[in-house]
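Enquirer: Features from TrEMBL:
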TRANSMEM  A:6-24  transmembrane segment
TRANSMEM  A:54-73  transmembrane segment
TRANSMEM  A:94-116  transmembrane segment
TRANSMEM  A:131-150  transmembrane segment
TRANSMEM  A:170-190  transmembrane segment
TRANSMEM  A:202-221  transmembrane segment
TRANSMEM  A:228-248  transmembrane segment
TRANSMEM  A:254-276  transmembrane segment
TRANSMEM  A:297-319  transmembrane segment
């Protein structure tokens, strides 16, 4: 059976190569910082399952120390010039899109094929992990196809990957680090505290005000935690179920589904949702780290108001 | 109740506001929160290490970078631009409205892995939006150009978030089902996911009207 552990070893090899190439890159004044950072991440992927929680924790502190004192630099491995790229894009034509489309194609079609045919009975993949495993398979297929077709220098994919990785820099591990913060928050009982605070500010007897506090709590707690998944059980247990469903008799389906979506509006507004908001700013080389969030503000706020209206109308007016 | 762990949240907010390195802010907040909740330092480091290790699958997605980088070396971004320049009547607004609809519909059918920032936005959508904007509005000032790129990423997010919940077999729908079932309200995923449709329609209307408004604003910039 193919498990996540296989994926971690594959990723560990990728990051180890990037660490090695970083160390050899004399053009980057901070090459040892880059080598250490990506090397530690490679170590986490390759050995994290075996070294124990404390060693993993020390590894996290070391990663953060390297990034925190600014030892990560942008690299500039040799590549094609803009003029060459224009020329090559004419030469290669729309076929350039094919390798890029292989990855989502393998992930999506593979997941569907695996789940809706007798293939799922074979136990080829770890249960419920097939999409990410198929994504990795898609990456390998796309790499082989692109290498066979384009015939670049052997190190080109590693070096081009390193260029992109270094342009993302420390933001590459921010989503994973935020997930770890969420786990520590949960351990410290932050969710229960927020839930009890939210429960205390409810005005009695008003359905619409309770709906607003519920939607506001979902959005704000989502902004704090970076995703709505952490916020939902807390707000549902504090307000959604005891007040909206039980005390006021609302439709549980609407209160559940649209409450979650009110949280998603918060996701659009927070740097804590790093993989959606901060990583793309780095990938697109924006000057403003919060540039993506700023473009989302005036979609998120009106949509959040719509969600309140949908809960109130669908969950109460049409229900009773 | 012990309210001290909330200091961790305050640290996060202050740290991000003062633009400290976010990794430093996050780990600082995690350690402070753990200590204030009464854990000893070793337990806090262990909790952090375990949680980081358990979430390694999040960072696995970077293995796509060699594919994207290699294709960019052979002109993928330039080809994406060329493709949109050959479409008559294409504007940035129309292009992103079509992408928004495409992203919402595919996500609603469970195909949320089509799209995404490293795979689609950086190599394809953002260069296309930039080329379309330059085609109709001339060369943009740098700050406007960056807004077009940021809006491309924003459109991917909006399309994903407000499309995926229409698909019933997605983690967030299963989470809602689980929470309500534990409280004594069993529901099927389908009962929940139909209620994602009104919000999806609102999201499409709000965001696409903003995209068209941005088109008009860029038009007025032309000297």
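Cβ atoms here come from the backbone N, Cα and C positions, even for glycine.
TrEMBL does not curate its annotations; it predicts them automatically.
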Enquirer: So, taking each listed stretch (A:6-24, A:94-116, A:202-221, A:228-248, A:297-319) in turn and counting its Cβ pairs to the transmembrane segment (A:254-276) that are under 8 angstroms, which one gives the highest count?
Expert: A:297-319
Enquirer: Is the transmembrane segment (A:202-221) packed against any residues at least 6 beyond its ends, judged by a Cβ distance under 8 Å, and which are they?
Expert: 194, 228, 230-232, 234-235, 238-240, 243-244, 248, 250, 255, 259-260, 262-263, 265-266, 269, 304, 307-308, 311-312, 315-316
Enquirer: Cβ under 8 Å to the transmembrane segment (A:131-150), counting only same-chain residues 6 or more beyond its ends: which ones?
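Expert: Beyond its ends, the transmembrane segment (A:131-150) has Cβ neighbours at 2, 4, 6-7, 10, 92, 95, 98-100, 102-107, 110-111, 114, 125, 157.
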